[in-house]
Amino acid sequence: MAFHVEGLVAIVVFYLAILAVGIWAAWKTKNTGSEGDRSEAIIVGGRDIGLLVGGFTMTATWVGGGYINGTAEAVYVPGYGLAWAQAPIGYSLSLVLGGLFFAKPMRSKGYVTMLDPFQQLYGKRMGGLLFIPALMGEMFWAAAIFSALGATISVIVDLNVNISVIISALIATMYTLVGGLYSVAYTDVVQLFCIFLGLWISVPFAMSHPAVTDIGFTAVHQVHQEPWLGSINSLDIYTWLDNFLLLTLGGIPWQAYFQRVLSSSSATYAQVLSFLAAFGCLVMALPAVLIGAIGASTAWNETGYGVPDPMSKKEADMILPIVLQYLCPVYISFFGLGAVSAAVMSSADSSILSASSMFARNIYQLSFRQNASDREIVWVMRITVFLFGASATAMALLASSVYGLWYLSSDLVYIIIFPQLLCVLFVKGTNTYGAIAGYLFGLVLRITGGEPYLYLQPLIYYPGCYPDENNIYIQRFPFKTLAMLTSFFTNIIVSYLAKYLFESGILPPKLDFLDAVVARYSREHMDKATLVKSDNIVLNELAPVNPRHSLTLSSTFTNKEAFNYVDSSPELSNTEDN
């Protein structure tokens, strides 16, 4: 394949435009934000992200390289088809559920990161434990999409994979480094526009290629391969449900999502953003579905791709760039390439910023340096943005099973963090003992279920498991959802059991080494009694919270406006007078 100078020029122009927008957004932040809240401006954008920019950036966070490429691949692969393209519906429902049940309580209490409520209720130790699967999910996700971008560019432009990955990672890291959430949000607007325009321009050209059969006919009839609508066998129903629940419920507890929720100007706006992004995810999936259908309807021996077809060459995961390359004119394929690279960068920058935000806020500041200045936190974030960006790039270049690692880490987010989030927000009485027990039970059940992408054999063989061509056993039983439910109920049962044992005197107070029951109002719990136990403070009174960063843990989570409201109430005044 010849080196395409035009394609390289198009990519360079696109990357320079993205970098320019990111730097402009960083300059805008510097000139509008107050110096004392600089770290908060980087993490949550000063909590003044509007509906338009917020809707674009939340949509772009989900509509990434994996989302676009993966949807096209699922529709194309024979035997799977549209029936197994779960990401569009799954992630859209995830955003709807997040908006209905999670966005308002998280935004109303003025948290800065997703891990804040965990540290508030369970203490800094548990916050550190939950940071591990959250970090793994963000980092392996970024590495996987960088790897996909390198392969995509190499297909169309014939550019060295390593060079394309490094340049893309540098661009994304650079504007994230200087501008934080503002840069990520404003570049997401440009990137989402490029994705929409680039893919929709490509679809008509690909569909009108002489080698492509009418996709309406191939949807239900076998021509070049099985119909692309696909089907679900009775034996695979539980696997389908397990994966669908993982996408729907496991798509909620991600810092990348809650970063947008917490950056909105109000709790109501946070909910509206989630609903807008759900609609955006469905709309942005349409061209990817059509491209997958086009790939399944093409006689590849009549194109420049030749024989065998992409499935036989084990290039099904690259069906989208292959369709752009061989079924579209050259200048159109470069538009599509810009769309894919935009999709990758829009997700990668979010993951890098999310990981650095959680580390700087929940690990460095709240666990080790509670009196750190705002300037110090800003520099910690900048350093970790660079380190996490470099780490994701290195994994994309060196690891042979990045996708396997990401699948496993995303499972851990679903199995460990989601049930913990349910308990923190909606179940009263849970404590650190239950949280740790639920964490461990969920982790053990997930790992013992095996992971084919990592060639990890299961230790527990659930009903219906079978060996694949590599003799690695595949589970048909929905063991991931079982592990999630086990983690959830273990947290509740152990929490109430520990509370009963200590409060009834069966166990002496000195054995409460985590200060989770006897010393529940300890400093480590960061004034949890104020926000969690006080029945006279409701969520809508806590909406305009603006947390401070450079004081103690207690003052970090103290809602002074809610206190002022309570102090000025007639009931409290009468009580004090008496």
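Cβ from N, Cα, C; glycine included.
What TrEMBL records for 6-27, 48-68, 129-157, 163-182, 189-207, 237-257, 269-298, 318-344, 377-399, 405-427, 439-462, 482-502 (among others) is transmembrane segment.
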Assess whether the transmembrane segment (48-68) lies in contact with the transmembrane segment (482-502), where contact requires at least three Cβ pairs under 8 Å among residues 6 or more apart in sequence.
no
Are there residues at least six beyond either end of the transmembrane segment (237-257) with Cβ under 8 Å to its Cβ atoms? List them, or say none.
58, 61-62, 84, 86-87, 89-91, 93-95, 97-98, 102, 113-115, 134, 137-138, 350-351, 353-355, 357-358, 410-411, 413-414, 417-418, 420-421, 464, 475-481, 484
Counting only pairs 6 or more apart in sequence, are there at least 3 Cβ pairs under 8 Å between the transmembrane segment (6-27) and the transmembrane segment (163-182)?
yes
Near the transmembrane segment (318-344), which same-chain residues lie under 8 Å Cβ to Cβ, leaving out any that are not at least 6 residues past its ends?
4, 6-7, 10-11, 14-15, 18, 60, 63-65, 67-69, 72-73, 76, 145-146, 148-149, 151-153, 155-157, 168, 190-192, 194-199, 201-202, 205-206, 209, 211-212, 288, 291-292, 294-295, 298, 300, 303-305, 310
Tell me if the transmembrane segment (377-399) touches the transmembrane segment (163-182). I count contact as 3 or more CB pairs below 8 A, with pairs 6 or more residues apart.
yes
Spatial neighbours of the transmembrane segment (129-157) far in sequence, C-beta under 8 Å, 6+ residues away
3-4, 7-8, 11, 64-66, 69, 114-115, 118, 164-165, 168-169, 253-256, 317-318, 320-322, 324-325, 333-334, 336-337, 340-341, 344-345, 347-348, 351-352, 354-355, 358-359, 362-363, 388-389, 391-393, 395-397, 399, 402-403, 405-406, 409-410, 412-413, 416-417, 420, 436, 439
Please indicate, using numbers and ranges, the residues of the same chain that are 6 or more beyond the transmembrane segment (189-207) and have a C-beta under 8 Å from a C-beta there.
14, 17-18, 21, 52-53, 56-57, 59-60, 63, 68, 215, 280, 283-284, 287-288, 290-291, 294, 323-324, 327-329, 332-333, 335-340, 342-343, 345-346
